[in-house]
Amino acid sequence: MTDALEQSVLALEGTVSVLKDSVESLKCANEPSTNLASTMLQTKRVFRLVPEYDVERSKLDLIEEVEPLVRTLGDKLRKSMGRMQRELDTLQQTYELNDLRLKKNISMDDDDALNSPDMGQEYEGRDADDVVMMASSTNEELEELKKLKEKKKQLENKLEILKQK
């Protein structure tokens, strides 16, 4: 048995000396060889089967890791959407208020300005004393306000027609 081990050691020492000589000759030659470089640096991919248990466990770990993040992002998104909706409502109310103020200022400056053709129809038929609730008006309340204003405008037009007759 010792003879076999000694022969193995001698064979390995011979292999090591051959490799050292090869490395030395490569250093001395120092000529770039793309073929040699491509064969020496080529990687080999090894695929092996992964047990189904490991795959399922990895999926569950990923779900446990990602699910709270998704929930957190969803909550932040809902809060942000609520904030944006409130801001939109406030901007709509501010628009209505500024629209009425502008109409009131225009009617004070020039009573004929509302009847001129170059003035938008947006201001026709409105009274200067229109009130806009700035408290906590909802979209439904604003829509109802617009409908009521339109109905008021129609009634005023009918009244004007009746007065002219």
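Numbering starts at 1 and runs along the chain as it is shown here.
Glycine residues also receive a Cβ, built from the backbone N, Cα and C atoms like all the rest.
Pulled from Swiss-Prot, these are the features on record:
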- 74-104: coiled coil (COILED)
- 132-165: coiled coil (COILED)
- Ser107: phosphoserine (MOD_RES)
- Ser116: phosphoserine (MOD_RES)
> When the pLDDT values for the coiled coil (132-165) are averaged, what is the result?
Replying inline: 81
> With every protein chain in view, how many other Cβ atoms are within 10 Å of the Cβ of Ser107 (phosphoserine)?
Replying inline: 16
